[in-house]
Amino acid sequence: MNFTIPAPFTAIHTIFDLAFTTSLDTMLGTIQEAVSAPLVACVTLWIIVQGILVMRGEIDTRGGITRVITVTVVVALVVGQANYHDYVVSVFEETIPNFIQQFSGSGLPLQTIPAQLDTMFALTQAAFQRIASEIGPMNDQDILAFQGAQWVFYGTLWSAFGIYDAVGILTKVLLAIGPLILTGYIFDRTRDIAAKWIGQLITYGLLLLLLNLVATIVILTEATALTLMLGVITLAGTTAAKIIGLYELDMFFLTGDALIVALPAIAGNIGGSYWSGATQSANSLYRRFAQVDRR
């Protein structure tokens, strides 16, 4: 029996997107319910204490009011599910993608990338099957060369798809843990964690912009050239020439794939997020511990 998926990229994208969306939405609601009651109680007590200290003159009035406003805004986002969705989730899942779509350099909607990859996959599958039927069962050299060209081509498609799909899924994961991370913004010691979380979301937003500008152009160019190149390859005189043509096709797709694979590093460097390498050096850590010792 031959089990095949007619549109593998679209099917995989739909399955993972639905699974993560359902699970993470449930987890987000659970997190907000768990932290809302103790957080509101602690913040209420903290505001009362702040008011007493301000009235006694032990805390600067302007600074105390600023802290109260900041804490109130953070708590409103963390506790209120509608507020968090309207002001945080919708910005990164709806507003930014819709805004970025207006700057597409190819006119190809980013959401159609799985369908474009499915079309290219189907076209090459037909060509691969025709060429495979011409190779004799005892011709080990041609079989090995053909399989190598086939797997390289599949690898280029899957790597481009993996980057595209990972951006959406990881953004959903970050947004799901947002209430816990934003709670840390209230405290000075954990404020850096919340800042890094925001930086990571900004990085994914930049990566989405780069994908929309670069990946759509690359994939549209590859889809346009693929039909012509497959026609030339299948009309070649010998099987060896067809296999060589497949490797030339791989080189073309690897060039475009290199541009797409480089996009996460570019977005990380621009966004200045934690995973892009913004870690402390050994000298920086040494200076920090030295300051602690002197105190």
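Backbone N, Cα and C atoms are what each Cβ position is placed from, and that goes for glycine too.
Sequence-distant contacts of the transmembrane segment (35-55), counting only residues of its own chain at least 6 positions beyond either end whose CB sits under 8 Å from a CB of the stretch, comprise 61, 64-65, 67-68, 71-72, 75, 78-79, 179-180, 183, 186. Annotation comment: Swiss-Prot describes 35-55 (among others) as transmembrane segment.
Residues or ranges marked as transmembrane segment in Swiss-Prot: 68-88 (among others). If you look at the transmembrane segment (68-88), the same-chain residues 6 or more away from its ends with a CB under 8 A from one of its CBs are 28-29, 32, 35-36, 39-40, 43, 46-47, 50, 175, 178-179, 182-183, 185-186.
Residues or ranges marked as transmembrane segment in Swiss-Prot (evidence: sequence analysis): 167-187 (among others).
According to Swiss-Prot, the transmembrane segment annotation covers 201-221 (among others).
Marked as transmembrane segment by Swiss-Prot on the basis of sequence analysis: 226-246 (among others).
Below 8 angstroms of C-beta separation, residues 152-153, 156-157, 159-160, 163, 199-200, 202-207, 210-211, 214-215, 218-219, 221-222, 225, 229, 277 of the same chain, each at least six residues beyond the ends of the transmembrane segment (251-271), sit close to that stretch. The transmembrane segment annotation in Swiss-Prot covers 251-271 (among others) and rests on sequence analysis.
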